[in-house]
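The structure appears right after this line, and notes come after that.
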Number of protein chains: 6
Amino acid sequence: MTIALFPGSFDPITNGHIETAKKAAEIFEKVYLVAMTNTSKHYLFSPGERADFARDALKDVANIEVLEKPDEITVDLAHELNAKAIVRGVRNSADFRYEQEIAGINKRLAPDINTILLFSSPENSFVASSMIKELAKFDKDVSQFLPEKAAKALRRKLGNEYAE
Amino acid sequence: MTIALFPGSFDPITNGHIETAKKAAEIFEKVYLVAMTNTSKHYLFSPGERADFARDALKDVANIEVLEKPDEITVDLAHELNAKAIVRGVRNSADFRYEQEIAGINKRLAPDINTILLFSSPENSFVASSMIKELAKFDKDVSQFLPEKAAKALRRKLGNEYAE
Amino acid sequence: MTIALFPGSFDPITNGHIETAKKAAEIFEKVYLVAMTNTSKHYLFSPGERADFARDALKDVANIEVLEKPDEITVDLAHELNAKAIVRGVRNSADFRYEQEIAGINKRLAPDINTILLFSSPENSFVASSMIKELAKFDKDVSQFLPEKAAKALRRKLGNEYAE
Amino acid sequence: MTIALFPGSFDPITNGHIETAKKAAEIFEKVYLVAMTNTSKHYLFSPGERADFARDALKDVANIEVLEKPDEITVDLAHELNAKAIVRGVRNSADFRYEQEIAGINKRLAPDINTILLFSSPENSFVASSMIKELAKFDKDVSQFLPEKAAKALRRKLGNEYAE
Amino acid sequence: MTIALFPGSFDPITNGHIETAKKAAEIFEKVYLVAMTNTSKHYLFSPGERADFARDALKDVANIEVLEKPDEITVDLAHELNAKAIVRGVRNSADFRYEQEIAGINKRLAPDINTILLFSSPENSFVASSMIKELAKFDKDVSQFLPEKAAKALRRKLGNEYAE
Amino acid sequence: MTIALFPGSFDPITNGHIETAKKAAEIFEKVYLVAMTNTSKHYLFSPGERADFARDALKDVANIEVLEKPDEITVDLAHELNAKAIVRGVRNSADFRYEQEIAGINKRLAPDINTILLFSSPENSFVASSMIKELAKFDKDVSQFLPEKAAKALRRKLGNEYAE
């Protein structure tokens, strides 16, 4: 069975992430989408909440399983899950260079694991998570960028700060 | 069975191409490496020669099959071969943008086919085919950049032009 | 009256060019779309044909006028037409750098003329003219990328070369 | 009347911002330069101070009006001011990608508003606000990068921290 | 005597920094590697510790001298040390743009000082300091990315936070 | 003595090339500027003419010597001239990537030779040789972009093609 690992913050999951997960599920027989932790980032939601939004958004895709692994690094998890490939989505050349650095270090740590990149579709190529959060802080509707459960949670968490 | 198509000019195949093909063969159960034609390019070798160099270089990889299809476009070939993914190697952000354009048009022509990118290893990330040919024109040794059969053929075709 | 000049090869005009022209027409009171000549390019169509495709595609936009000026450089034409701004469309950072070089030289030649950039919409951001021509050479349908008259002319000119 | 909105942090306004504002004022009949708030940024000066530095620097340009709107998002303000275009200055391809993301989200929120980019002149193309602040922290003269009132205020606020 | 200044945070020094320092030492008769301070950065180690790790790693290179200058800006230090060139290492185009901005401001402050860039070798081109620290936080071995003394110090400082 | 080699097409030499050569001459005790041949390029001027324009433009810089070497590759020439460094000028990230590829291959061929990059000044950062030639074809004044002798030769060679 061909297995892929899709690691990320997913804080919260966006339509762009969902698109990447579904494309991976068309290519691999099994995909693990895993909410992880980058210690230099400040998170809005807990690993459990982040995994829950993802689970809800992808419940109709049989060969995707959502996990939460805040205390592991990606290549260790890939070995644990017997995943041959780490999957990541890319929107533009800035994403590309960031992914090239992560893949460069992962390859030094685990030469047997390959990173593969999937292009975002054009409509998701110019949408940044940071800007969706900025809109939520001004209590704007973000439902066109996020799955329903995540959109509501984000508005509740950030919205009232600035709303009249 | 998960099937991938690795299309390209391969004029001739380089160590970077071979690396990408072998990584794809670790991820997919079957990989077709296919010498194709971009009408705006001037080719040194015929489709048959290009496929032959690739076949020779990859003869030890059981799940890679080499074909030559100079008269087809990639997405038609992917459908013909029942390939769910088009595989391409990328070295830097200039490659990335070029691949994003090709994948953008391919997605408009065939929404069911995904393009996946594989990173070149660091040592192949700064090697351009055009520069390998320039070295061959000055009759320099190119064997560290190309598989044996392709390196000899390139020196024979270009080498004597400048050699004393 | 605020006047803008939209110069280009338009060989032939694409949906991306049309989008840029219409956006300019929303911002400026008068827009001149002008088919010009870059002597280092090989053109498929004559200046007259290129202007005619554009005229046909933009006939419903009252404040856009199409001209053909193969023998002039852009800043001279801008002065002639009393245009305060040169308008250009950009898809990605490679386009951006190319436009920055043209604008850099134009600013040295005519400090009173400003270049403004308009973003392509996402669906036109990954479509390259060269790839549309490549599809036409393989006799593929290009009507989703070009206005009708230009699409037919391109298939006639390139299509039969490769069609069975 | 053709109206443009030039939104930004302006914390404080630099010679590059002033250049962009003046170019916009050559193209549009009315330009609103508005000090706004990005909640993920830490500001040195209040919205009122930021607007005041800008007003002082642009007092000789009749068709530029400076406002402060810390509680609004850009597209809402553009509709309020009847502005057809959002104007932004760009120095290099990193700026370009950042602006492409903002414009991408703004276009999803308000399809009737266009973002236009104006190139920085070469001498302002390699000057980053963050580095001007770093110089001020070492109590260095920053007057060649900022208008007078802003330069003095920045030295007062940051300078003595490191000065012997 | 040709003298160069290699300024940086070196928090801590990596194999990529060491490579750049040694290349500079092949080109210039004297190289000063100086641990400096960027006030917008949060440092793990003091200037003294940072200089000490560098001194230990470069003790075998006779024409390299390590200093610590947390209270000076680079161009002042270059004048003080009579250095004609500021040396910096670059891995990719994101580094390049960042260095172009620093060099742009330095050239405005000190037209007599030139910045020269040295390429990282391929194996160091995809290694980011931030990611080495992330590995250390997960108590992973970082010895393949850092000189010995720095690697041990980093694991002591960050490692136990996440180790079971 | 510290020696550097500045190789290029110089077809013809531009103010940007001259700026890079003079900066190198401030850093190294001896600089060889050498007109060479890239077989994939079409040249307007012979190696002799190209060297002659450069010699004329740099006659006042004592430690710069101009040569013409159309039949050699750069690293062989560097060894011949005992040059420790290959010097190249860079304007933007596209130049950077191109130079990274050349330096990558040169480093594989000659590990003892380092490539160093010098930034163009802002006013030369957006000037492309191809666009200067395009202006000359339209018989426009190019003297602000090229040294005198080269500017006259370029107008003679290209100018009358388009001049009324």
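Here, residue 1 is simply the first one shown, and the rest follow in order.
Backbone N, Cα and C atoms are what each Cβ position is placed from, and that goes for glycine too.
Substrate binds E:Lys41, E:Thr74, E:Arg88 as Swiss-Prot records it, and from the list E:Ser9, E:Ser120 the residue named for this site is E:Ser9.
E:Ser129 (ATP binding site) sits 11 Å from E:Ser9 (substrate binding site), counting Cα to Cα.
Close to E:His17 (ATP binding site), meaning Cα to Cα within 10 A, are the following binding-site residues out of E:Lys41, E:Thr74, E:Arg88: E:Arg88.
Counting other C-beta atoms within 10 Å of each candidate's C-beta, the binding-site residues E:Ser9, E:Ser125, E:Ser129 are led by E:Ser125. For E:Val127 (ATP binding site), applying a Cβ distance below 8 Å and a minimum sequence separation of six or more within one chain yields E:Thr14, E:Asn15, E:Gly16, E:Arg91, E:Phe145. When the binding-site residues E:Lys41, E:Thr74, E:Arg88 are screened for a Cα within 10 A of the Cα of E:Glu99 (ATP binding site), the ones that qualify are E:Arg88. Its Cβ taken as reference, E:Arg88 (substrate binding site) is surrounded by 23 other Cβ atoms within 10 Å in the chains shown.
By the criterion of other Cβ atoms within 10 Å of the residue's own Cβ, the least surrounded of the binding-site residues E:His17, E:Lys41 is E:Lys41. Checked against E:Val90 (ATP binding site), the binding-site residues E:Ser9, E:Lys41, E:Thr74 differ in C-alpha distance, with E:Ser9 being the nearest. Counting only same-chain residues six or more apart in sequence, the Cβ atoms lying under 8 angstroms from the Cβ of E:Thr74 (substrate binding site) belong to E:Leu5, E:Pro7, E:Met36, E:Ile86, E:Ile102, E:Asn106.
Cα to Cα, E:Lys41 (substrate binding site) and E:Ser125 (ATP binding site) are separated by 22 Å.
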